[in-house]
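A quick write-up on the structure given underneath.
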Amino acid sequence: MCSSTLPSSLDASLQIWNDLQGSNWPVLCHGVAILLASLSVSRGVSTIELVNKVIVPILLSIVVLCFYWAIFLPYAANGIIHLFSPSWESLKDSKLWIDAASQNAWDTSAGIGLFLTYATFMKRTQGAVRLGMLTPFFNNIVSLLCGITVFATVFSVQYQENVPLAEVVETLKTNGEANTGLTFIWMPVLFDNIGSGGRFLAIAFFFCLSLAGLSSLISLLELSIHTITDFGVRRIPATIVIGVSSFLLGTASALDLSVLVNQDAVWGYALILCGCFLIFLVFRYNIIKFRRRLYLQFGVGDWPLPWVWVVVMFIAPLEGVVLIVWWIVDTIRTDPSWWQLSTESLAMTLSQWAGVLLVTIGLNWWLLPHTISPPSNPLLRRLLGTLVIYHDNRGTPPPEADPPSSTLTKEPPVDLQTVRKEKEPSPITIEDV
């Protein structure tokens, strides 16, 4: 990118992107990303916050600058008008709704379990309710800015090339396989239209975008590593196992884009089911008790959590189930080949869901009752002691066990009764709940 010029048209940008996809560069980039993420996670999660404090403000600044530049391009207003002109007929498409819900679930990490891992390192003053509200809000704001930027750019470039409106709209519908199109194809064209500083902005934008993707990969690896360390495996061996496994499993998607398309479709939709499962955990724990522990007892200076939240807890899983059932019925009705095991077929999606669900239930049934016990042989005990943390019969680590996986400094235990008195002078009553 430093030595070559930026593409000035859709065809030139498509050619560059297709050449990259058809080469072995994706495998190398995949390996480098896994290596960097594994090195970061091997030292704990403190590096994640440090990196994000630097790259996220830079990335947001570039996004705002590109948005400002794009809306003043010739014919950009036509793209913005088209973006905000509703197509009421499309609201009858079940795939549109489930695509939107799964995309938002992916952007906010809802349903993946990432925030469950990060929550173990949260301070009581950070506010779970506040973060739960602000994260999706700002995510949607940034997504809206990016959407306006892309639509303005596409309409501006295409109109200046005298492309008919129907072809412009069709171009926007072509998002590339596995949603790889708009960002990597149209953003370079926008940067080329900026002028002499466009190349520098393109380098900075895609560098920050790569680091943002790396931070997401770090959180994904941390989720798996944290789970393994809970079973007694030390952090370094767990990092090696997860890093190597992630590279091997992801190589297929790097070599063949159809595999990436399949995984993106199958597990993108699965995020809705995962979100329903997480809500079920709250039901299993007790909704009222969860609210009391989360807001009234744990949070300090957090936003209020009104009673309407309980209503949402019933509506959200119902919406998820309705979307999934509607999509399945609509697909069976409109797609005659839904039963074939093709890349994005319904049968392929349901079979992978069922397979992973059965494996997960089996592992939980087999692993949860077990703890790692030391072997009787002293030499073997010392050798394996470098890889795992032995547990006693009660399932608790011995005093000499390694400290927690995180390098963050944990706060000392806090008496919940004391905190409760500081926040609410009177005891908890029905009105408080």
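Here the Cβ of each residue, glycine as well, is placed from N, Cα and C on the backbone.
Cβ environment of Ser216 (Na(+) binding site): no same-chain residue six or more positions apart lies under 8 Å away. The Na(+) binding site annotation in TrEMBL covers Asn139, Ser216.
The region 'Disordered' annotation in TrEMBL covers 395-433.
Sequence-distant contacts of the transmembrane segment (25-42) (same chain, at least 6 residues past either end, Cβ-Cβ under 8 Å): 48, 51, 213-214, 217-218, 221-222, 225, 235-236, 239-240, 242-243, 246-247, 250-251, 253-255. Annotation comment: TrEMBL describes 25-42 (among others) as transmembrane segment.
Long-range contacts of the transmembrane segment (54-84) within the same chain: residues 142, 145-149, 151-156, 159-160, 169, 187, 190-191, 193-194, 201, 204-205, 208-209, 211-212, 215, each at least 6 residues beyond the stretch ends and with a Cβ under 8 Å from a Cβ of the stretch. Annotated transmembrane segment per TrEMBL: 54-84 (among others), in sequence order.
For the transmembrane segment (104-121), the list of distant contacts is 45, 128, 135-136, 139-140, 143, 219-220, 222-223, 226, 268, 271-275, 277-278, 406, 408, 410: same-chain residues at least six beyond its ends, Cβ to Cβ under 8 Å. Look at TrEMBL and you will find 104-121 (among others) tagged as transmembrane segment.
Positions annotated as transmembrane segment by TrEMBL: 133-155 (among others).
Residues annotated as transmembrane segment in TrEMBL: 200-224 (among others).
For the transmembrane segment (236-255), same-chain residues at least 6 beyond its ends with a Cβ under 8 Å from one of its own Cβ atoms are 26-27, 29-31, 34-35, 37-38, 41-42, 220-221, 224-225, 228-229, 263, 387-388. TrEMBL lists 236-255 (among others) with the feature transmembrane segment.
Note on the transmembrane segment (267-287): residues 98-99, 101-103, 105-106, 110-113, 116, 310, 313, 316-317, 320-321, 323-324, 327, 349, 352-353 of its chain, located 6 or more positions outside it, place their CB under 8 angstroms from a CB of the stretch. If you look up TrEMBL, you'll see 267-287 (among others) marked as transmembrane segment.
The transmembrane segment annotation in TrEMBL covers 307-329 (among others).
TrEMBL lists 349-368 (among others) with the feature transmembrane segment.
When other Cβ atoms within 10 Å of the Cβ of Asn139 (Na(+) binding site) are tallied across all protein chains shown, the result is 15. Within its own chain, the transmembrane segment (307-329) is flanked in space by residues 94-95, 97-98, 101, 269, 272-273, 275-276, 279-280, 282-283, 287-288, 291, 346, 350, which lie at least six positions past its ends and keep a Cβ under 8 Å from the stretch.
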